[in-house]
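Just below is one structure, and these are the notes that go with it.
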Amino acid sequence: MVLSPADKSNVKAAWGKVGGHAGEYGAEALERMFLSFPTTKTYFPHFDLSHGSAQVKGHGKKVADALTLAVGHVDDMPNALSALSDLHAHKLRVDPVNFKLLSHCLLVTLAAHLPAEFTPAVHASLDKFLASVSTVLTSKYR
(Lines of atoms letter the chains of each structure in order from A and count residues from 1; the text may use other names and numbers.)
(Lines give C-alpha, C1' and ligand atoms only; values in the text may rest on other atoms or scores of the structure.)
Protein backbone atom coordinates (compact mmCIF):
# COMPACT_ATOMS: atom_id res chain seq x y z
CA MET A 1 0.00 0.00 0.00
CA VAL A 2 1.45 3.34 -1.02
CA LEU A 3 1.40 6.12 1.54
CA SER A 4 0.78 9.59 0.15
CA PRO A 5 2.80 12.57 1.39
CA ALA A 6 -0.24 13.54 3.50
CA ASP A 7 -0.38 10.03 4.99
CA LYS A 8 3.31 10.16 5.88
CA SER A 9 2.86 13.56 7.49
CA ASN A 10 -0.18 12.36 9.46
CA VAL A 11 1.64 9.24 10.67
CA LYS A 12 4.74 11.16 11.75
CA ALA A 13 2.65 13.78 13.55
CA ALA A 14 0.47 11.19 15.30
CA TRP A 15 3.41 9.04 16.32
CA GLY A 16 5.16 12.16 17.57
CA LYS A 17 2.22 12.75 19.91
CA VAL A 18 2.68 9.24 21.32
CA GLY A 19 6.05 10.37 22.62
CA GLY A 20 7.27 8.63 25.74
CA HIS A 21 4.09 6.56 25.97
CA ALA A 22 4.95 4.29 23.03
CA GLY A 23 5.87 1.29 25.16
CA GLU A 24 2.82 1.77 27.37
CA TYR A 25 0.52 1.99 24.34
CA GLY A 26 2.21 -1.02 22.75
CA ALA A 27 1.57 -3.07 25.89
CA GLU A 28 -2.03 -1.87 26.07
CA ALA A 29 -2.59 -2.85 22.44
CA LEU A 30 -1.18 -6.32 23.14
CA GLU A 31 -3.47 -6.71 26.15
CA ARG A 32 -6.44 -5.66 24.00
CA MET A 33 -5.43 -8.21 21.38
CA PHE A 34 -5.07 -11.03 23.92
CA LEU A 35 -8.49 -10.23 25.41
CA SER A 36 -10.29 -9.69 22.11
CA PHE A 37 -8.59 -12.47 20.15
CA PRO A 38 -7.58 -15.17 22.68
CA THR A 39 -6.03 -17.42 20.03
CA THR A 40 -3.19 -14.91 19.74
CA LYS A 41 -2.01 -16.01 23.18
CA THR A 42 -0.68 -19.24 21.66
CA TYR A 43 2.40 -17.40 20.41
CA PHE A 44 3.31 -16.42 23.97
CA PRO A 45 3.09 -19.67 25.99
CA HIS A 46 6.01 -18.64 28.18
CA PHE A 47 4.61 -15.19 29.01
CA ASP A 48 2.67 -14.07 32.03
CA LEU A 49 -0.22 -12.51 30.12
CA SER A 50 -1.92 -10.94 33.12
CA HIS A 51 -2.68 -7.23 33.13
CA GLY A 52 0.44 -5.17 33.67
CA SER A 53 2.89 -8.07 33.52
CA ALA A 54 6.53 -7.19 32.91
CA GLN A 55 6.65 -9.55 29.92
CA VAL A 56 3.71 -7.90 28.17
CA LYS A 57 5.16 -4.48 28.92
CA GLY A 58 8.52 -5.59 27.55
CA HIS A 59 7.02 -6.94 24.35
CA GLY A 60 4.83 -3.86 24.04
CA LYS A 61 8.00 -1.78 24.07
CA LYS A 62 9.48 -3.98 21.33
CA VAL A 63 6.36 -3.46 19.22
CA ALA A 64 6.51 0.30 19.82
CA ASP A 65 10.22 0.42 19.02
CA ALA A 66 9.61 -1.41 15.74
CA LEU A 67 6.86 1.05 14.83
CA THR A 68 9.10 3.97 15.73
CA LEU A 69 11.73 2.49 13.40
CA ALA A 70 9.11 2.11 10.66
CA VAL A 71 7.94 5.71 11.10
CA GLY A 72 11.53 6.90 10.89
CA HIS A 73 12.11 4.88 7.71
CA VAL A 74 8.66 5.23 6.19
CA ASP A 75 10.16 5.46 2.70
CA ASP A 76 12.27 2.31 3.17
CA MET A 77 10.38 0.05 5.55
CA PRO A 78 11.39 -3.20 3.79
CA ASN A 79 15.06 -2.62 4.57
CA ALA A 80 14.44 -1.14 8.01
CA LEU A 81 12.22 -4.05 9.09
CA SER A 82 14.04 -6.84 7.24
CA ALA A 83 15.44 -8.56 10.34
CA LEU A 84 12.05 -8.38 12.06
CA SER A 85 10.39 -9.84 8.99
CA ASP A 86 12.88 -12.73 8.98
CA LEU A 87 12.29 -13.35 12.68
CA HIS A 88 8.49 -13.51 12.40
CA ALA A 89 8.48 -15.54 9.18
CA HIS A 90 11.22 -18.07 9.80
CA LYS A 91 11.71 -18.42 13.55
CA LEU A 92 8.46 -17.40 15.23
CA ARG A 93 6.18 -18.43 12.34
CA VAL A 94 3.46 -16.02 13.34
CA ASP A 95 0.25 -16.37 11.34
CA PRO A 96 0.07 -13.21 9.19
CA VAL A 97 -3.53 -12.51 10.25
CA ASN A 98 -2.23 -11.65 13.71
CA PHE A 99 -0.55 -8.51 12.39
CA LYS A 100 -3.97 -7.27 11.28
CA LEU A 101 -5.44 -8.05 14.68
CA LEU A 102 -2.66 -6.18 16.48
CA SER A 103 -2.98 -3.28 14.03
CA HIS A 104 -6.66 -2.98 14.89
CA CYS A 105 -5.88 -3.00 18.61
CA LEU A 106 -3.19 -0.37 18.10
CA LEU A 107 -5.68 1.88 16.32
CA VAL A 108 -8.18 1.49 19.16
CA THR A 109 -5.49 2.25 21.73
CA LEU A 110 -4.29 5.34 19.89
CA ALA A 111 -7.86 6.57 19.43
CA ALA A 112 -8.49 6.16 23.15
CA HIS A 113 -5.38 8.09 24.16
CA LEU A 114 -5.29 10.71 21.41
CA PRO A 115 -8.94 11.57 20.75
CA ALA A 116 -8.30 15.13 19.55
CA GLU A 117 -5.57 14.05 17.14
CA PHE A 118 -7.40 10.95 15.89
CA THR A 119 -9.30 12.61 13.06
CA PRO A 120 -10.76 10.54 10.22
CA ALA A 121 -7.79 11.50 8.02
CA VAL A 122 -5.26 10.50 10.68
CA HIS A 123 -7.17 7.27 11.32
CA ALA A 124 -7.05 6.42 7.61
CA SER A 125 -3.34 7.28 7.39
CA LEU A 126 -2.45 5.20 10.44
CA ASP A 127 -4.51 2.31 9.11
CA LYS A 128 -2.64 2.45 5.79
CA PHE A 129 0.69 2.72 7.61
CA LEU A 130 -0.02 -0.29 9.82
CA ALA A 131 -1.20 -2.26 6.78
CA SER A 132 2.09 -1.38 5.09
CA VAL A 133 4.06 -2.52 8.13
CA SER A 134 2.07 -5.78 8.15
CA THR A 135 2.80 -6.30 4.46
CA VAL A 136 6.51 -5.80 5.06
CA LEU A 137 6.52 -8.17 8.04
CA THR A 138 4.77 -10.89 6.03
CA SER A 139 6.77 -10.39 2.83
CA LYS A 140 9.22 -13.19 3.65
CA TYR A 141 6.55 -15.80 4.33
CA ARG A 142 6.62 -16.98 0.73
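Just so you know, glycine gets a Cβ as well, placed from its N, Cα and C.
Taken verbatim from Swiss-Prot:
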{"type": "BINDING", "residues": "His59", "note": "O2 binding site"}
{"type": "BINDING", "residues": "His88", "note": "heme b binding site"}
{"type": "DOMAIN", "residues": "2-142", "note": "domain 'Globin'"}
{"type": "MOD_RES", "residues": "Ser4", "note": "phosphoserine"}
{"type": "MOD_RES", "residues": "Lys8", "note": "N6-succinyllysine"}
{"type": "MOD_RES", "residues": "Lys17", "note": "N6-succinyllysine"}
{"type": "MOD_RES", "residues": "Tyr25", "note": "phosphotyrosine"}
{"type": "MOD_RES", "residues": "Lys41", "note": "N6-succinyllysine"}
{"type": "MOD_RES", "residues": "Ser50", "note": "phosphoserine"}
{"type": "MOD_RES", "residues": "Ser103", "note": "phosphoserine"}
{"type": "MOD_RES", "residues": "Thr109", "note": "phosphothreonine"}
{"type": "MOD_RES", "residues": "Ser125", "note": "phosphoserine"}
{"type": "MOD_RES", "residues": "Ser132", "note": "phosphoserine"}
{"type": "MOD_RES", "residues": "Thr135", "note": "phosphothreonine"}
{"type": "MOD_RES", "residues": "Ser139", "note": "phosphoserine"}
Which of the listed modified residues (Ser50, Ser125) has the least company, meaning the fewest other Cβ atoms within 10 Å of its Cβ?
Ser50
Using Cα positions only, nearest of the recorded positions to the residue listed as 'phosphotyrosine' (Lys8, His88, Ser125):
Ser125
Out of these modified residues, Ser4, Thr109, Thr135, Ser139, which one has the fewest other C-beta atoms within 10 Å of its own C-beta?
Ser4
Over the domain 'Globin' (2-142), work out the mean pLDDT and round it to an integer.
93
If you draw a 10 Å sphere on the Cβ of Lys17 (N6-succinyllysine), how many other Cβ atoms land inside?
14
Mind checking which of Lys41, His88 has the fewest other CB atoms within 10 A of its CB? They're the recorded positions.
Lys41
Length of the line joining the Cα atoms of Thr109 (phosphothreonine) and the residue listed as 'heme b binding site', in Å:
23
Does His59 (O2 binding site) have same-chain partners at least 6 apart in sequence with Cβ under 8 Å from its own Cβ, and which are they?
Gly26, Ala27, Leu30, Phe44, Phe47
In sequence order, which same-chain residues at least six apart have a C-beta under 8 angstroms from Lys8 (N6-succinyllysine)?
Val74, Asp75, Ser125
Per DSSP, how many helix, strand and coil residues does the domain 'Globin' (2-142) have?
107 helix, 0 strand, 34 coil
Rounded inter-Cα distance in Å - Ser4 (phosphoserine), Lys41 (N6-succinyllysine):
35
If you compare CA-to-CA distances from Ser103 (phosphoserine) to each of the recorded positions Lys17, Lys41, Ser50, His88, Ser132, which comes out shortest?
Ser132
